[in-house]
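J.: As listed in Swiss-Prot for this protein:
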{"type": "MOD_RES", "residues": "Ala2", "note": "N-acetylalanine"}
{"type": "REPEAT", "residues": "32-125", "note": "repeat 'WD 1'"}
{"type": "REPEAT", "residues": "126-175", "note": "repeat 'WD 2'"}
{"type": "REPEAT", "residues": "176-223", "note": "repeat 'WD 3'"}
{"type": "REPEAT", "residues": "225-270", "note": "repeat 'WD 4'"}
{"type": "REPEAT", "residues": "271-314", "note": "repeat 'WD 5'"}
{"type": "REPEAT", "residues": "315-371", "note": "repeat 'WD 6'"}
{"type": "REPEAT", "residues": "372-404", "note": "repeat 'WD 7'"}
Amino acid sequence: MADKEAAFDDAVEERVINEEYKIWKKNTPFLYDLVMTHALEWPSLTAQWLPDVTRPDGKDFSIHRLVLGTHTSDEQNHLVIASVQLPNDDAQFDASHYDSEKGEFGGFGSVSGKIEIEIKINHEGEVNRARYMPQNPCIIATKTPSCDVLVFDYTKHPSKPDPSGECNPDLRLRGHQKEGYGLSWNPNLSGNLLSASDDHTICLWDISAVPKEGKVVDAKTIFTGHTAVVEDVSWHLLHESLFGSVADDQKLMIWDTRSNNTSKPSHSVDAHTAEVNCLSFNPYSEFILATGSADKTVALWDLRNLKLKLHSFESHKDEIFQVQWSPHNETILASSGTDRRLNVWDLSKIGEEQSPEDAEDGPPELLFIHGGHTAKISDFSWNPNEPWVICSVSEDNIMQVWQMAENIYNDEDTEGSVDPEGQGS
């Protein structure tokens, strides 16, 4: 009987998701300056824009690249580099250009050739997360279903993977007992990599000190302060010795690598009422960071007074698995997760007065809800070269590259204002 009820609930949920998607699709011309939807061969659990951009002469687009991965059923997995053509400002976006056979938005021009897989490198199991090293973006670290963290220099691998399926990382980083997701390169110390694991620990490696012969590198330091699965870890963006970690013990911990105590953080705070899944330091303000949680909220923190939560962002209907500050705007951050939504928030709007109708759509700081995904969003990334462009990937193989309409974030233009869910006012 329970099975029948579950099947009925699933069918109802699927119908609701499809209806919501139809409404979203109909409203895309009002909501977005760009939408590209691409069905990947396999779902990617990870997404990160590479920092380079190519602007070909005489063309109305620029070429950007993404680090992706695969999560296959039982087939060979790959670390993937893809290229994406983004239109220049003067190229016209035509939201009506929807290819129903491919299930893709062209976004602009014709559909073909906008998103291409450039490099595939054999990987051991699915790619839980992949992140490039800021000082040398050819070097990419990955989290695997085993306990090892792998490091690849993609310039040393052929663009087509070896058919044998053999995974040949340039380095293999040892120290964890279990898999995990959190991964962070130090932006100020080349080669310093942090990793968070289900084994309750955080490992630190320094790959710049590796002898040329050795492929296996042991962790330089293992931090053991958390009492449950460590979900995410992140270096501070300005202080080379500071990093933060969050875990299923509901805590946010701030660590200093100069301290000799690897089992006790500098600060520990009960951050949420459920597991804490992600954190992000603000790139413009050295004291501000955000955490996202299974309690469906994003919390805002000030390192100078962690006893006091600055703000709680509330609109998500389920667990939050990713939070990222905008690289271009100090007050903008985005969050995503199980509810299939990516929310963009604006701190500067906290506390603004709202009409009762507006309040129904969400708090004033909720700038935009991206409703284009019909499955859990696994990861997303702000484009470092094109403001307001985001790539998001979901569990149903879909990758979307999108940019909200300028009138939503530019307050000067009050004409044709659009509420965040896309029902135009």
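Cβ from N, Cα, C; glycine included.
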J.: Using DSSP, how many residues of the repeat 'WD 5' (271-314) fall into helix, strand and coil, respectively?
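T.: Per DSSP, the residues of the repeat 'WD 5' (271-314) fall into 0 helix, 22 strand, 22 coil.
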J.: What is the Cβ neighbour count of the residue listed as 'N-acetylalanine' at a 10 Å cut-off, with all protein chains included?
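T.: Around the Cβ of the residue listed as 'N-acetylalanine', 6 other Cβ atoms lie within 10 Å.
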J.: Per DSSP, what is the helix/strand/coil residue tally across the repeat 'WD 6' (315-371)?
T.: 9 helix, 22 strand, 26 coil
J.: Could you count the residues of the repeat 'WD 2' (126-175) that DSSP puts in helix, in strand and in coil?
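T.: Secondary-structure breakdown of the repeat 'WD 2' (126-175): 3 helix, 22 strand, 25 coil.
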J.: Tell me whether the residue listed as 'N-acetylalanine' sits in a helix, a strand or coil according to DSSP.
T.: helix
